[in-house]
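Asker: Let me give you the structure first, and then I'll get to my questions.
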Amino acid sequence: MGVTVKILVLILAIAGGLVYRNVTQLWADLPAPKLDPQEWWGDEAQPKDYEAYLKNNSEVIGNRLSYPDKTIADLKERLNRTLRLTPPLEGVAFEYGFNTNYLKEVVEYWRDDYLPRWREREVFLWQFNHFTTDIQGLRTHFLHLMVYDDNKVGKKHYPVLLLHGWPGSVREFYDFIHLLHQTNLDNNNKYIFNVVVPSLPGYGWSQGTSRKGLGPAQVAVMMRNLMLRLGYNKFFIQGGDWGSIIGSNIATLYPENVLGYHSNMCNNLSPKSLAKGLVAEFWPSLFVPSGFEDFFFPKSNEMRYLMEESGYFHIQATKPDTIGAALTDNPVGLAAYILEKFSTWTNPSYRSLPDGGLTKRYKMDALMDNLMIYYLTNSITTSQRLYAEQYAQAQRDLHLERVPTRVPTGCARFKSDIMQFLDVQLKDKYTNLVHSTYHKKGGHFAALEVPKVLYKDFIDFVETVERKFKIKTL
């Protein structure tokens, strides 16, 4: 072998070794980072004596928030000043966004049908017990349903934390809460649940921060602190959208507190997972149960859909305050921006319908309730900032996608959701993936769209966790 060839072989060997080392480092599991459970997010300076702060600010206060007539009258006046809307292009339904012809009908319904019944809707929204408490300097709103039953002999009693996402709110869970709560009334059901449903920081009636850095990892710390405040040291978690990510973070950072983590949007965006997804497309039968291949493949369809539907994501991750300013005190724009997601994320085929298929799967009052929460609390800007914080360098440096989550995990897939992940991808992250299901009907907002299906899936998961792990009830 000549000297030149030997040098070339040596160079290739060194290069191969470097590539291997870099790839294995990129794919390797990482330990969980340590986050400060007392990190301060309030407007005022952090108390020097945090223990004294906790002692004086840990009270849980019952609330029944209401809005004066002048606020509702002002909204009606704004809706009356509508409309110089640009007509849609000929033959276009929702392909270019919210169809403005249908938007006029939505505004008319909001102004002339829904708003005259607002006090009735207000009573509906307050049907559950609403509370606020101070968590790390922020006023935090939550629903809390506790079950007291002298006849609960033989029933399993667990706390469950329900976490919503964007552009949702606690309203998404109302039907799901009833199902969880009615287990107490059904003698054939063996479960009782204490249900906690917080508004995420900056969403609804929960205060937003004036400080940078409150990302999904830090929100996870706050949600865990809320559960500890309420006396729940161990609990189940259910969530989708941001609720999926925040719930996963709680399970990852605090496995000692989580009985099980159930999500209708399980994901794993680690480099190893994404590589496995690409490889799986060549041999789908090896990775997907028969009959469910179209949940995942072809990947080109999924990528095209993500490109078409992720414009909002980019602007909210980079310029949340710009789009927030455009939507603040602009009820018509807010309606178009939020309700469009309940169309296309429920079923992508609804983009071809002139009304976006909004009332195919939802009652209009339910959509209006959710919209009113954003409008009345002026929370559109603060809610969108979570996207920017998720992709800030400090958040990305935590590499939580590469930290194994070892608590029992259940993943429910709904066919029309935004993206799907294979078990072979998820198991790299969720090492105790004990429940994995596929549902042909349903999209991104499963708790609102198909609450009975989601409820049964969650109960099946709880039963699986009980079978496989020794867990204690309340």
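Glycine too: its Cβ is placed from the backbone N, Cα and C atoms.
Among the features that TrEMBL reports, active site, nucleophile is placed at Asp241. As annotated by TrEMBL, active site, proton donor applies to Tyr387. Annotation source TrEMBL lists active site, proton acceptor at His444. According to TrEMBL, the feature domain 'Epoxide hydrolase N-terminal' maps to 64-173.
Show me how these features fit into the shown structure, please.
Answerer: Listed in sequence order, His164, Gly165, Trp166, Gly168, Met265, His444 are the same-chain residues at least 6 apart in sequence whose CB falls under 8 Å from the CB of Asp241 (active site, nucleophile).
Every protein chain considered, the tally of other Cβ atoms within 10 Å of the Cβ of Tyr387 (active site, proton donor) stands at 21.
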Asker: Starting from the Cβ of His444 (active site, proton acceptor), draw a 10 Å sphere and report how many other Cβ atoms land inside it.
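Answerer: Cβ-Cβ neighbours of His444 (active site, proton acceptor) within 10 Å number 23.
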